[in-house]
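First up is the structure itself, then whatever we jot down about it.
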Amino acid sequence: MPERLTEMLMDTWTPLIILWITVLPSIYMAPMNQSQVLPSGSSTGLKRLNEEQRVLHRSKRGWVWNQMFVLEEFSGPEPILVGRLHTDLDPGSSKIKYILSGDGAGTIFVINDKTGDIHAMKRLDREEKAEYTLTAQAVDRDTNQPLEPPSEFIIKVQDINDNAPEFVEGPYHATVPEMSVVGTFVTKVTATDADDPVYGNSAKLVYSILEGQPYFSIEPHTAIIKTALPNMDREAKEEYFVVIQAKDMGGHMGGLSGTTTVTITLSDVNDNPPKFAQSLYHFSVMEDVALGEPIGRVKANDLDIGENAKSSYDIIEGDGMDIFEITTDAQTQDGIIRVRKPLDFETKKSYTLKVEAANIHIDPRFLSGGPFKDTATVKIVVEDADEPPVFSSPTYLLEVHENAALNSVLGQVTAHDPDISSSPIRFSIDRHTDLERQFNINAEDGKITLATPLDRETSTWHNITIVATETRNHSQVSRVPVAIKVLDVNDNAPEFASEHEAFLCENGKPGQVIQIVSAVDKDDPKNGHYFLYSLLPEMVNNPNFTIKKNEDNTLSILAKHSGFSRQKQEVYLLPIVISDSGTPPMSSTGTLTIRVCGCSSDGTVQSCNAEAYVLPIGLSMGALIAILACIILLLVIVVLFVTLRRHKNEPLIIKDDEDVRENIIRYDDEGGGEEDTEAFDIATLQNPDGINGFLPRKDIKPDLQFMPRQGLAPVPNGVDVDEFINVRLHEADNDPTAPPYDSIQIYGYEGKGSAAGSLSSLESSTSDSDQNFDYLSEWGPRFKRLGELYSVGESDKET
């Protein structure tokens, strides 16, 4: 039925549509209905139109079309006809074949190759794809040869209102200050519609509030949310839940809609003053509380939050403004009352304060509402405490002369119990500050006395600590420092500052200054030292020397004449009396030693000994010291040489008393004969490694550490030891720990087949009397002498 209706409409409207496409090919054309989208004209129809209206003339064209349209979301029992293609080369003999290619050709859009009708086979969605570009071509059905070049055309999907508005960024959150005026901007929301914004009103949105009135309003077209009521108070209600609707079709009936939520929070402003929870506070505090300790807290509540709720506290009135202070706790916003000065129950038992809390950050818009501060009264009661004794002074300074008598009173300290009970006080000295026990104190009245003599020259100051203790409560203790200054008295005589020894040149001149001496005094007079110098009465008329007082409190020694000679007198002693100006004056006598010396022409001292004249000319003291140094150096070289020689002669083997190897040692001794069994041990031959050990060499360090050889079992008598000795020789040659030189080891074996036989008497089975040594003379001169010795020995025994 739909195709039939479409064909009827096509036949009716063909002349008009062909004319529209020919004259105005670029004008947008909408379909007449859903089945008539965009039909194509034909040259045949065009010829009929020319016959009826001869006034129209145009040039010949092969394809007649512009655009085709199809509604989205169209659904029906049969495919929808989109349009028809036709060429003027088609004589109607079905020899032309229409071919369609491009977007969706063969799947979404199908063409009847005989008639050129295009059908949409699927349901289309403009939001997925708005238009399709296709290519049409007419070819010969038999040869498939193109009759005309291919032509491109567009099929547009026409929109319908099938998408509701959406809030992509929702839900929303916004804030606005409390107490805002009407029309204050809050936030803006945005909805989107997937429909075509150009065609119709499908995407034209209008906004409205479904929930949230009368507090807020929204602009219908801009979606700007504003406040609708004045003076909204955060302290009354802080959060509002607003529902916003967006509706398309310009808000008319039948339009689709979408909603979102906006959570609007009122932000705080400082529109509330602080308020104390109570108008009167009571606190109590012990009188011995430490300074700076908190004694109580007050609280001014503020309905605001954050910075707007911060307050500062201050004491504005009261009789304890200088005794107490108040500070703000940054965490809790409490006012903390602390003690600034010591409290005394006996002096004042209570205080009354007036404290004020004021906002730190004030909003000028709300000053008309009243002052942003509040006051409260604080009463503080001081309670009595058992306090330690209190000294009359925080420190004491006493002065005493160094010659003060023992047990004399130096001064007195006083203390009292500040409590009402007024306990008696006992005084004592902290002996850690008076280790030498130079002072005593009266436990009852606090008088300090001298226990040992003082010496200002040893110690000028003494610092002790006095302890005051309540007799009723020994835990209540106070301490006070006492400084004792020892005053000076003139009890020390002046003396020379150092041991002076003057040198006088033989060629000196009369009046020449020989030496300048100075004096010191351990005392410390107030006006400084002033010394008087003089010679002993018997030395006043001294013919050789005189003295002269200098302005700087020193003394110059002068020679009265010239021509002093070492040969005549080498040393002069000059006693000098030194006196101070103290009361009573003190004096001492110091002796100045003056040596006569030989000097050069410019006065340089060269020699001060008389024996220097007998020394050879040219040998000075420096030359003698150089000679002595050379002799000492020579002795050191000799000692080093002898030490090195002795070290070089030491044996290279570490030898101990248990060395089992037998070495040949020459003695001027012939031994003890056959009865001597100590000189040789046959066990050495049978077991050369008798002890597990080896003798290390001192001159080299072996590369490898060899373990000591295990001892072998003793060789039984009668066994041939040739092989045993050869093995031992091989081991000695290849042993890196062996001595660096050859050594002889004595074995009790002489080999096999010896013509002389064994000379050893160890295995002899006969007695001494059976021995005949005459045969030894046949062996040669050496053995002949040996035979004579044994023969002489035998004859001596018989005699």
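Cβ atoms are placed via backbone N, Cα and C, with glycine included.
A TrEMBL annotation is a machine prediction, not a hand-curated record.
Computed from a predicted structure; not experimentally measured.
Per TrEMBL, the features are as follows:
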type     : residues : note
DOMAIN   : 87-167   : domain 'Cadherin'
DOMAIN   : 168-276  : domain 'Cadherin'
DOMAIN   : 277-391  : domain 'Cadherin'
DOMAIN   : 392-496  : domain 'Cadherin'
DOMAIN   : 496-613  : domain 'Cadherin'
TRANSMEM : 613-642  : transmembrane segment
COMPBIAS : 753-770  : compositional bias 'Low complexity'
REGION   : 753-774  : region 'Disordered'
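In the domain 'Cadherin' (392-496), the DSSP tally of helix, strand and coil residues is 3 helix, 47 strand, 55 coil. Per DSSP, the domain 'Cadherin' (277-391) is made up of 10 helix, 57 strand, 48 coil.
Note on the domain 'Cadherin' (392-496): mean pLDDT across this stretch is 91.
Note on the domain 'Cadherin' (168-276): DSSP counts are 3 helix, 46 strand, 60 coil.
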